[in-house]
Amino acid sequence: MSNLTLKNLKKSYGAVEVIKGVDLAITPGEFVVFVGPSGCGKSTLLRMIAGLEVVTSGTIEIADRDVTQLEPYDRGIAMVFQSYALYPHMTVAENMGFALRLAGHAKPERRKAVEEAARILQIGHLLDRKPAQLSGGQRQRVAIGRSIVRQPDVFLFDEPLSNLDAELRVQTRIEIARLHQTLDTTMIYVTHDQTEAMTLADRIVVLRGGIIEQVGAPTDLYDDPDNAFVAGFIGSPAMNFLPCVAASANEVTVAGLTIALPQLQTQLRQGESMKMGIRPEHLNGTNGPSVAMKIDVVEQLGATAFVHGMLGGDLPLLVEARAMRPKAGDMINVPFDPQHVFLFDANGDRIR
Amino acid sequence: MAVNSKKERRGMWAAAVPMFLLALTCLYPIYFALNNALKDNRGYILDRFGMVSDPNFENFVTAWGRARFSEYFMNSVITTVGAVFVLLLVSSMAGFALAVLRFPHRKLVFVLILGALMIPVQVILVPFYQTIIATGLLNTRTGLIISYTAFFLPFSIYLMTAFYAGIPRDLTEAARIDGARFFQVWWYVMLPMGKPALLTLGILNTLYCWNDVLISLLVLQNERTLMVGITALRGEYTTNVPLLAAGIVLAAAPIVIIYLLFQRHIVAGIAAGAVKG
């Protein structure tokens, strides 16, 4: 059991700073997901924790030990790569037992550890095969198995599901969640897929441009985002953002409609321009204020439908419609509960 | 490839004829040597181009024993095997370093090695010979092994670097996380993964070293390698051609066998060097 602490961690490539001071404390056994768009620095941050990237400044502590300058093998970590990175010339058993072999463990001991990991992942029948003889999903299990065998303090996953097809991805995602319950070890998982982040994480770290935008439990980020970026990134489909103007201290006008927001603690300045955010799934209330929308496109999913349309001719809006079969070209009324409305200032920061 | 139209078939024939002639120019000398090696001197003088009528292996025995071919053969084997071993070892390590490791002036080092590829052996014979004398390596097999290594290393490093550059970085990183130290990454991951390229290089370098005359002539002056030894079978005024032919067959046989066994790898290796980099 261990914990991991990042203190003011920075990384530059020449003059370009890609990680701009990250502070984070991860408690033992926690499943933490780094999520963010391409180029946000999430993989770099993971590779810095792994010891594959040199740290420009700041410190990394694993299990209360400063590992910033240590080689990867001295850090007590194991990593699963997006490309699986299995050694093609070794069998599955040799791949999984390689770390123990390097550490000087005897063959019977290695075999036992490999078989135990293979049992957990149900790959016992593959042990004598070479990676080339395995399917993508099997290779991914072997890669996970290789990291289990080492019994690390921290597991690192670098977009491990990206190379799998959609069905297998869902299945493997569930298995990783189950594995975390079984092993109860700290896991850090990097993905750009917010669905993976939401389903797997105890805590999500949302990154953008090399800084942490927000850290919190998946539901906290969903219910109470700190800024427009997090609000837009977490949740699928993404939140709608509409320009609005403060009509009074706790009222805003959006698309010609004035809405009272009694939940606001901040007093709004009348005439202030802001952005209003509301999630598509919160636009299907039965009462409350409503806006009229002309339907552009309908994505029918069976139980629900994603309805794309325009408010007042030029404001795009996405509505998740339940128990109705809207058609393109129709005008519909979209009622919503003001309780679900988020307000963001001109910088994108949340107004609570 | 399926050949369907008449036009295409004519095209194939047009290409086949010159290729056949080209093949003939390569095969005929082999036939000539083999055919005459089985004749005695009299039989050769009476009919140099006709098929041998009463083949005998006397020339092979003479060449092997009296003309000291057994000694030359050992010299060739030792220097070739030694040089190829050192070449593979060094080029695999250098390829790993140049393709995977990040160190200052890495590109410059690679360009310098590539530059060495462009210098013909003949141009540097004099300084090379002086160096061999100065280092006391004249007339030693070690000297010849080192010389072969020096001359054939640039191409070997180039090929290994190109090959290793195509191996995903994740593999070496996974090995580092698994606990492999620098040298172990090379030994456990890069060396076994380089096997196809090393096999090709091994064959190519064996051909170069075995067939070399020039470098060996300079370095081993008292002793001889097989290829130099063959020239000794030529007299000043007359040459016993059947004996010379037997020597040529003996010298060429190992290399022809290797070539026949591994020809697929030789072609693959040349293509790898041509495309990657």
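Just so you know, glycine gets a Cβ as well, placed from its N, Cα and C.
Listed features, source TrEMBL:
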type     : residues  : note
TRANSMEM : B:12-34   : transmembrane segment
DOMAIN   : B:73-262  : domain 'ABC transmembrane type-1'
TRANSMEM : B:77-101  : transmembrane segment
TRANSMEM : B:108-133 : transmembrane segment
TRANSMEM : B:145-165 : transmembrane segment
TRANSMEM : B:243-262 : transmembrane segment
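By number of Cβ pairs under 8 Å, the transmembrane segment (B:243-262) is matched best by B:12-34 from the list B:12-34, B:77-101, B:108-133, B:145-165.
Of the candidate ranges B:12-34, B:108-133, B:145-165, B:145-165 contributes the most Cβ pairs within a distance under 8 Å of the transmembrane segment (B:77-101). Long-range neighbours of the transmembrane segment (B:108-133) within the same chain, counting only residues 6 or more positions beyond its ends whose Cβ lies under 8 Å from a Cβ of the stretch, are 94, 98, 143, 147, 151, 153-155, 157-158, 161, 214-215, 218-219.
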